[in-house]
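Undergrad: Okay, these came from Swiss-Prot:
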type	residues	note
BINDING	18, 103, 202	[4Fe-4S] cluster binding site
BINDING	47, 81, 131, 172, 230, 231, 232, 275	(2E)-4-hydroxy-3-methylbut-2-enyl diphosphate binding site
BINDING	47, 81, 131, 230, 231, 232, 275	dimethylallyl diphosphate binding site
BINDING	47, 81, 131, 230, 231, 232, 275	isopentenyl diphosphate binding site
ACT_SITE	133	active site, proton donor
């Protein structure tokens, strides 16, 4: 009988689904229950391939643009990342029943940007170019109204209309530390710049990054369960590396684990991005249990009791 090597596993808590992701997935499942298949979803409802494939198997059809929707008698759901204002307008023009599953914390950023614009301030957006959330936020205002700022170097070369009449908002899934540095650089260059009353980085992003900071320096390796196109999952891997973990990997399924890298470790931390379901954490844990004698301990750094109700279009339908 082969003796398995011992492995101490620290499970980060909180990890996995946030309230906005739960709400978005529930919205698709509730729409399927009420209206039947197909239910169309513009863009991946959340950035997790397992979640998307599971919803496809239940009758969801994912599209990138509304002109890909052939049947306007069936609902279309907007993803948790938010959409430009032109998308609901296009849906209304085509008489499409749209259900907005934008995370309420992303909607908060949209409203902040609109308010700054209404008050005559130029808006700077700290975020990553091309991310659906950034595209959606920029699309809340007339073209050219928002300047995207991606790096501290961008700040040094920014050309603004009036440095005394500026505001900023941020993408919700950024690195907390990077964003803090960006905001500090903005306020140094533009002392009069106006920011949000409460930071735009969402509670789940902050909590998951803080949990990783606690465990990363004391383990041989760390796995982030999540998809490669998930911004918050990518940031967790970066946070682990910056916090002193020499081996940090982003893994979606057990089959993706590069086992040769983990052959000689004695301690491992596992977390999951905000769009990664717990079933994938369990799958990866089971795969490690086949190869190691596990001692598992959960490390809790925050308690989350956040809940967001279903989109109002679905609440009306269930009354």
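Placement of Cβ uses the backbone N, Cα and C atoms for every residue, glycine included.
Each of the listed features needs to be described in terms of its position in the shown structure.
TA: DSSP classifies residue 103 ([4Fe-4S] cluster binding site) as coil under the three-state reduction. Long-range neighbours of residue 103 ([4Fe-4S] cluster binding site) (same chain, six or more residues apart, CB within less than 8 Å of its CB): 20, 21, 23, 24, 80, 81, 82, 172, 202, 308.
For residue 232 ((2E)-4-hydroxy-3-methylbut-2-enyl diphosphate binding site), the same-chain residues that are 6 or more apart in sequence and have a Cβ closer than 8 Å to its Cβ are 173, 204, 205, 208, 226, 273, 274, 275.
With a cut-off of 8 Å between CB atoms and residues at least 6 apart in sequence, the same chain places 81, 171, 173, 231 near residue 131 ((2E)-4-hydroxy-3-methylbut-2-enyl diphosphate binding site), listed in sequence order.
Under the DSSP three-state reduction, residue 47 ((2E)-4-hydroxy-3-methylbut-2-enyl diphosphate binding site) is assigned to coil, being neither helix nor strand. In the structure as shown, the Cβ atom of residue 47 ((2E)-4-hydroxy-3-methylbut-2-enyl diphosphate binding site) sits within 10 Å of 28 other Cβ atoms.
Residue 133 (active site, proton donor) falls within a helix when secondary structure is assigned with DSSP.
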Undergrad: Over all shown protein chains, what is the count of other CB atoms within 10 A of the CB belonging to residue 172 ((2E)-4-hydroxy-3-methylbut-2-enyl diphosphate binding site)?
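TA: Around residue 172 ((2E)-4-hydroxy-3-methylbut-2-enyl diphosphate binding site), other Cβ atoms within 10 Å: 28.
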Undergrad: Give me the non-local Cβ neighbours of residue 133 (active site, proton donor): same chain, 6+ apart in sequence, Cβ-Cβ under 8 Å, ordered along the sequence.
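TA: Spatial neighbours, sequence-distant, of residue 133 (active site, proton donor): 81, 82, 106, 127, 171, 172, 173, 231.
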Undergrad: So, in DSSP terms, is residue 18 ([4Fe-4S] cluster binding site) helix, strand, or coil?
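TA: Reduced to three states, the DSSP call for residue 18 ([4Fe-4S] cluster binding site) is coil.
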Undergrad: Taking the residues 47, 81, 131, 172, 230, 231, 232, 275 listed for (2E)-4-hydroxy-3-methylbut-2-enyl diphosphate, what is the greatest CA to CA distance in Å, to the nearest whole number?
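TA: About 15 Å separates the two most distant Cα atoms.
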Undergrad: Excluding 47, 81, 131, 230, 231, 232, 275 themselves, which residues in that chain have a Cβ inside 8 Å of the centre of the Cβ atoms defining the dimethylallyl diphosphate site?
TA: 46, 132, 133, 173, 229, 233, 273, 274
Undergrad: Fill in the CA-CA distance, residue 47 ((2E)-4-hydroxy-3-methylbut-2-enyl diphosphate binding site) to residue 18 ([4Fe-4S] cluster binding site), as an integer in Å.
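TA: About 13 Å separate the Cα atoms of these two residues.
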Undergrad: I'd like the Cβ neighbour count for residue 275 ((2E)-4-hydroxy-3-methylbut-2-enyl diphosphate binding site), meaning other Cβ atoms within 10 Å of its Cβ, all protein chains included.
TA: 31
